[in-house]
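> For 67-89, 123-154, the entry in Swiss-Prot reads coiled coil, with the evidence type sequence analysis. Marked as N-linked glycosylation site by Swiss-Prot on the basis of sequence analysis: N44, N75, N157. Annotated signal peptide per Swiss-Prot: 1-16, in sequence order.
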Amino acid sequence: MYHQLILMALIGVIMANVVPFSMSNIPEEYKEFIPEEVKNFYKNLTQEDRQILRELASKHATFTNEDAALEALKNKSDKLYQKAVELRNFVKAKIDSLKPDAKTFVDEIIAKVRSLRPEDGQKLDMEKIKQAARDIIAKYEALNEETKEELKATFPNTTKIITNEKFKRIANSFLQKN
């Protein structure tokens, strides 16, 4: 179960760092698990910034990749673009510091999480999210101990999150098969 909690926290961290992503899409009971860097990014947004992010998030399917989304953001607001790039670089530096096995694992999680984004006007599909979490947990459990330790060291907020009793209850209930 400990490994599952690590993975759920890691998924949360990565989901929160996918740009553009709206904090309003995160249920209140999960917001406490979002890293401070991400909270600060969204907390310091103006109403205009929020509107720009909502507009771009609604068009996420039209962007071929993250760079295209950032370019669209730059065209709307250079200041917001700079903030987003700073947040992206923070996450990218952590990921780039990983050894190949850990980096591949994180890259796969990011791709999986991005694939879960709903189309315009659609809600998140909780069953797809649960299945994705199960798939990621299986991949995590197949990693060697050195890679698991590296992931824990690189994402220290995960340790704080997984020791939180509330998070453990949420993770257990979330992954229950219906």
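All residue numbers here begin at 1 and follow the chain in the order shown.
The backbone N, Cα and C atoms fix where each Cβ goes, and this holds for glycine too.
Could you place these features in context, so I can see how deep they sit and what lies close by?
In the predicted model, the coiled coil (67-89) has a mean pLDDT of 89.
Secondary structure at N44 (N-linked glycosylation site), as computed by DSSP, is coil.
Within the same chain, no residue at least six positions away from N75 (N-linked glycosylation site) has a Cβ under 8 Å of its Cβ.
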